[in-house]
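Take this structure, written in structure tokens, and hold onto it; I'll ask about it next.
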Amino acid sequence: MATEIVNVKEFQELARQALPKMYYDYYSGGAEDQYTLRENMEAFCRIQIQPRILVDVSKIDMSTTVLGYNTSAPIMIAPTAMHQLAHPEGEVATARAAAACNTIMVLSYMSTCTVEEVASSCNAIRFFQLYVHKRRDVSAQLVQRAEGNGYKAVILTADAPRLGRREADIKNKMISPQLKNFEGLLSTEVDKGSNIQALASETFDASLCWKDIGWLRSITNLPILIKGVLTCEDGACLGWMPMLLWISHIMDTHLDGGNSLPRMEAEAAIKAVEVGFDGIIVSNHGARQLDYVPASISVLEEVVQAVGGKVPVLFDGGVRRGTDIFKALALGAQAVLVGRPVIYGLAAKGEYGVRRVIEMLKDELELSMALSGCPSVKDITRSHVRTERDRLQSML
Ligand SMILES: Cc1cc2nc3c(=O)[nH]c(=O)nc-3n(C[C@H](O)[C@H](O)[C@H](O)COP(=O)(O)O)c2cc1C
Ligand SMILES: CC(C)CC(=O)C(=O)O
């Protein structure tokens, strides 16, 4: 008899067994030395939870809203490319699982099922992730198809002017399938070098910058969120801060007239709000772009402070446990997105596997809330966690 799967991480091994090596490596891998890939998870381990006792937790309510849409828990499905390499039903199976769990799914621009196929497969709340194509008309058409098919928001991924260097994909000569969304629009059959690399360099418009957001606004009425730009080196310093940097930060605070953030990071976050984004996703793209950027959990709080509640801040990177979700919420995220675990569930057991992954995370979050004295999501506060920065501060 097969042993019971008891946590999300165990789906990774099932996926490894189920998938051809080339695809498993593509899904699981990160950039270059994979330092940030390890950090994304290890940084969670350095945050401790401070529970409260004797709180009535006989009922736990995990429900929340994201951009006004109700969801059963603050857990969303991150945009990840090419689900049909994991399972023949691809993104349709993922969307059905999202619908069954009452969770929001973000469809990748690089999906293998089309925007329309996913929309007509179920009633999941769907957002659409966008890469801005060198040919702007291609991106505009995709956004308009998404809007016409009931997707509720556009998520602009801003951390990929070029593709990160994923060495396993280079060695494996990772091949991308034809992406049906682009049929008739352009060819994705490129056969030089790493095909994924060639696909990305054909696609990504590396000239995209802040001033182009006006163009994006002009092609859609949907809310637009920005994903990935705020996990910059400036924020990273704080997560890993040696004592010296903390002292200089305190000095900055005084020189800055009370701004509690390092100036560069605050500027980046505020800029995103000023140019009119409707939400921010703190993300390092699952450590697949620039290696040696900080774990995204270690910059979350600075971004939340800089944004000051003006727009929602979502979070992704390394979420594998309910306690990870609890920690991200305590540090100010409105919800988390989950990338690889969803793919592992899909590869191992199709739609059912994705459902199990989400259910397991929900069950773990519910238990974490009960054991921490938090009957609802809004009861999870900053004082429920203790970070490295808190520990260093207490030594001053
Ligand atoms: C295989 C794979 C494909 C991805 N494809 C996309 C994509 O098409 N668009 C995008 O914005 N992010 C993409 N991402 C990044 C995810 O949206 C997300 O930021 C990341 O997976 C979160 O980290 P996690 O996998 O540790 O949960 C991808 C990530 C993986 C692992
Ligand atoms: C096809 C890739 C460009 C999709 C992606 O964003 C990724 O693999 O991280």
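Yeah, the Cβs are placed from backbone N, Cα and C, and that goes for glycine too.
Annotations in TrEMBL come from automatic prediction, not curation.
What TrEMBL records for 1-390 is domain 'FMN hydroxy acid dehydrogenase'. The glyoxylate binding site feature in TrEMBL is assigned to Tyr26, Tyr131, Arg166, His285, Arg288. Annotation comment: TrEMBL describes 79-81, Ser108, Gln129, Thr157, Lys227, Ser283, 316-320, 339-340 as FMN binding site. The feature active site, proton acceptor is assigned by TrEMBL to His285.
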Determine the Cβ neighbour count for Tyr131 (glyoxylate binding site): the number of other Cβ atoms within 10 Å of its Cβ.
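For Tyr131 (glyoxylate binding site), the count of other Cβ atoms within 10 Å is 21.
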Of the binding-site residues listed here (Tyr26, Arg166, His285, Arg288), which is spatially closest to Gln129 (FMN binding site) when Cα positions are compared?
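The smallest Cα gap between Gln129 (FMN binding site) and any of the binding-site residues is with His285.
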Nearest by CA distance to Arg166 (glyoxylate binding site): which of the binding-site residues is it, out of Gly318, Arg320, Arg340?
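For Arg166 (glyoxylate binding site), the spatially nearest of the binding-site residues is Arg340.
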Restricting to the chain of Arg288 (glyoxylate binding site) and a gap of 6 or more, list residues whose Cβ falls under 8 Å of its Cβ, or answer none.
Gly29, Gly30, Ala31, Leu37, Gly164, Arg166
Pick from Pro79, Gly318: which of these binding-site residues has the biggest number of other Cβ atoms within 10 Å of its Cβ?
Gly318
Where does Arg340 (FMN binding site) sit by DSSP, helix, strand or coil?
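DSSP assigns Arg340 (FMN binding site) to helix.
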Using a Cβ cut-off of under 6 Å to any atom of ligand 1, determine which of the binding-site residues Ala81, Gln129, Tyr131, Arg166, His285, Gly318 qualify.
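Those binding-site residues that pass the cut-off, since their Cβ is under 6 Å from ligand 1, are Ala81, Gln129, His285, Gly318.
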Which of the binding-site residues Pro79, Ala81, Gln129, Tyr131, Lys227, Gly318 have a Cβ less than 6 Å from any atom of ligand 2?
Ala81
Quick one: of the binding-site residues Tyr26, Tyr131, His285, which has its CA closest to the CA of Asp316 (FMN binding site)?
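Ranked by Cα distance from Asp316 (FMN binding site), first place goes to His285.
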What Cα-Cα separation, expressed in whole Å, is found between Tyr26 (glyoxylate binding site) and Pro79 (FMN binding site)?
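Distance between the two Cα atoms comes out at 15 Å.
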For the C-alpha pair, I'd like the distance in angstrom between Gly318 (FMN binding site) and Tyr131 (glyoxylate binding site), rounded off.
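Between the alpha carbons of Gly318 (FMN binding site) and Tyr131 (glyoxylate binding site) there are 22 Å.
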Could you tell me the maximum Cα-Cα distance in Å between the residues recorded as binding glyoxylate, namely Tyr26, Tyr131, Arg166, His285, Arg288, rounded to a whole number?
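Largest Cα to Cα distance for the glyoxylate-binding set is 19 Å.
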